[in-house]
Amino acid sequence: VHENMSSWEKIKKLMSPSTDSPTDDPDFPNEKLKTVLAFLFLQVSFVLIVTSIALTHDRVPDRDSVPPLPDIVLDNITPLPELMRLPDVLVIITLFLAGVLILFHQHRWIVARRMFIILGVLYLMRSVSIYVTVLPISNRTVYCAPKTNITTFPVLAHRVWELLAGGGLQISGMKKSCGDYIYSGHTAMLVIGMLVYKEYSPQRLWPIQWLTWAMAWGGMGILLLAHGHYTIDVIIGYYVATRMFWTYHSLASDPSLKTKSSRNYHSEVWWFRIFQFFEANVGGPLPNKYSFPVPFRSLPKLP
């Protein structure tokens, strides 16, 4: 019993907040209100993208008269529509793993805030890109709800509600709107999850790092096998997600890049002011330290 208690005390000492915790360290303040605002920004972006998908649905060319676009990959792959829901499962697993990692990161409020902003910006850009250019349906077997001649507010609201209720995922059975191609949201989410583990997890978690890498690249391959996206959707999704993640973290890691100047070309990105607001008080590269999300005094005592 004494040995068990000694081990428990060692775990408490290792995982309990130390003097350089985010609460005590002025270089890495929690700023919980900013995290809440970042979460609200993400929710607004999500509503905008599902609204864009709902509006795009009626503009999709009729698949009976307009065939899928020529695609060097899809044209040489026999479609496997039974795989359509598997990318949804991979996205859910990836988000769960990323959420657990963020929860146990000592600077969880900052990491969560960054993920909300990055995903929110990606959603905003995708809500524009899928609406301005509508591609023919790439999969002839996927179900699409009947189109209406006039998209009235009740029709639009019903579609938006279905997409919100199902999280925009095919696996929910609620997604019946079609045409949301450029760029691939599944690819962006899987890639962001992969990069989160690469950036914020300790090296000893390399099996999970490799797992997220395999799920990201496997998910992209499955999207193409199922003809769920055109190849260009996946390529652009990977490019936009990686550049957004890397640019944001480059800016966040170098205090000299947090000011707008003629020498700082990164400050020309349209979301720079958003970045400045949320990262203003974070002083440099974020150290990867870990702790339990609640103090040990709040946990029940072991017998």
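Residue numbering: from 1, along the chain as shown.
Placement of Cβ uses the backbone N, Cα and C atoms for every residue, glycine included.
Note that TrEMBL annotation is computational and uncurated.
Copied from TrEMBL, the annotated features are:
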type	residues	note
DOMAIN	177-250	domain 'Sphingomyelin synthase-like'
TRANSMEM	36-55	transmembrane segment
TRANSMEM	86-104	transmembrane segment
TRANSMEM	116-138	transmembrane segment
TRANSMEM	217-241	transmembrane segment
Completion exercise
Note: vs the transmembrane segment (86-104), the recorded stretch with the largest number of Cβ pairs under 8 Å from 36-55, 116-138, 217-241 is 217-241
Handout entry: Same-chain residues near the transmembrane segment (36-55), Cβ under 8 Å, at least 6 residues beyond its ends
Key = 112-113, 116-117, 119-121, 123-124, 126-128, 130-131, 151, 156, 159-160, 163-164, 168, 177, 179-180, 185, 274, 278
Exercise for the section: Pop the mean pLDDT for the domain 'Sphingomyelin synthase-like' (177-250) in here, whole number is fine. Expected result: 94
Fill in the blank from the handout: Residue counts for the domain 'Sphingomyelin synthase-like' (177-250) under DSSP, helix then strand then coil, are 59 helix, 0 strand, 15 coil
